[in-house]
Each structure stands twice: as C-alpha cells, then as structure tokens.
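Marked as S-adenosyl-L-methionine binding site by Swiss-Prot: HIS12, LEU14, GLY39, GLU60, ASP81, ASN103.
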Amino acid sequence: MAHIARKRFGQHFLSDGGIIDAIVQEIAPQPGDAMVEIGPGLAALTQPLVERLGRLTVIELDRDLAKRLREHPQLEVIESDVLKVDFAALATRFAAPLRVVGNLPYNISTPILFHLLGFAHLIADQHFMLQKEVIDRMVARPATSDYSRLSVMLQWRYRMENVLFVPPESFDPPPRVDSAVVRMVPLAEPPAVDAARLGEIVQVAFSQRRKIMRHTLGKWLDEHGFAGQFDAQRRAEEVPVAEYVALAQAVPPRP
C-alpha cells in the first residue's frame, strides 16, 4: 500500500529525478562520510546518498516510514522527533564531524535549525531543502526586507548560500510554496559570544522590527547596564550581524 503523506508531519515527498540528482551533486557525498539525513520519507534522496556513502543514519518520526526504512540493510534508522536527537552523541559515535542533510518538514524547519545551532561545533556542513522564503531570510543582508532574527542568529555561526531552486511540481503532493536548497557551513572560528545572550538581544530588537529601537533594544540595554555606544535611532533590520555580536559581548554578564 502506498504511503499517504501526513499533514501533521508536513510531509511532501520529493519525486523529481533531475532535482534529486542536482541535490546529490551539491551535497557531494563521499564513502565513509558521517552523514545523517533528517526526514528521509520515501527514500528518494536516501537511496542515491547511501549508494555513494555505503552507510547512512536517518532520523524519521513517522512510524510507518521508519518500519519501511529498517528493511534497508545499509541504513541505521533513528525513530524519533529530530528535536530530541542528541547530535553530540552521534558525533562521538562517528568520531568525526557530522554532515547533516534533509528535506525538512516545513512546519518545524526553524526549530530544527535552532536545535542544530547548538551542535554547530560538531558539524562539517548542512544541506537542507526548505521553503524558499525561509532561505531568503536565512541569507538576507542588512537593510533588506528579508533580514530578520533568523538571519542574525544563523549568520553569526554559519556561512550560507542558496544553491538550488526547487519548484512545487518536484514534490508529491506539491506544496503551495516554492522551495530551495541551502548549504550551511559552520564558521571555523566563530566569534566568542554567549549565544543565549545574543538570542535575547536579537529577539528584543526584532520584536517591533518596523520601529526604531529606542524603546525596545535601547531600553533593554539601559536596564542591563550597557555603558557603550549604540545608535538606537535605527530599525532592527539596519543593524549588521557583527554589531549584534559586539553588543552581546559588551553587555555585562548576569549577576
């Protein structure tokens, strides 16, 4: 019996052979890579990957799909919500930096990206299929309409690029949005910063993104003992990533 895509899992299965080949080419898997695939689904991407790798670890939440995948002798199947997976344990077991790939469920793609952010020091690279509008925000530059909290929180830790456009008809069932593939490579020497403090600052800044920050981030900085110079007569989208990082480094630590 054919598997029916489940809306609650945000399932849209890749079915275009040409697109699949293009994605595999961008990933460039090599035998022995410590690769982990999130959401393998019906194995459209899984099969060409494992043919090149020899072995592949996959994370699948859907019980029926996980059962099917276990029939493949070259796959290690982790039946779990990816947000509960300890990627540090996987990296330790592989004794190598992880390569993480996947057609991410669009309904929880941002939480997955933030979950992986905590393991970036253990990851060699990431290749994900996502909504194109999400990738546009991820790679956006300051002073553009797509520049957002997501832009800042990923760009301080990754070098990213949109490598492939994927139209809706490449999926079954077709989503109502355009998709794309993003490459994410963790920076070899990221700035030394408290990620939680940076996240707090960025969240406050973008809480009213169309207004100047005098009454949002400016007020927050005063309340947290910041004694440096910061122009709060700007909108959050006008502030470069490096300046947010510098703020997080300069604000006194919590008592």
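Even glycines carry a Cβ here, placed using N, Cα and C.
Known features from Swiss-Prot, placed on the structure.
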| residue | record | contacts (Cβ under 8 Å, 6+ apart) |
| --- | --- | --- |
| LEU14 | S-adenosyl-L-methionine binding site | ILE20, GLY41, ALA44, LEU45, ASN103, MET129, SER170, PHE171 |
| GLY39 | S-adenosyl-L-methionine binding site | ILE59, GLU60, LEU61, VAL82, GLY102, ASN103, LEU104, PRO105 |
| ASP81 | S-adenosyl-L-methionine binding site | LEU61 |
Among HIS12, ASN103, the most crowded of the binding-site residues [Cβ within 10 Å]: ASN103
Count of other CB atoms lying within 10 Å of the CB belonging to GLU60 (S-adenosyl-L-methionine binding site): 26
Annotated S-adenosyl-L-methionine contacts HIS12, LEU14, GLY39, GLU60, ASP81, ASN103, maximal Cα-Cα distance (Å, integer): 20
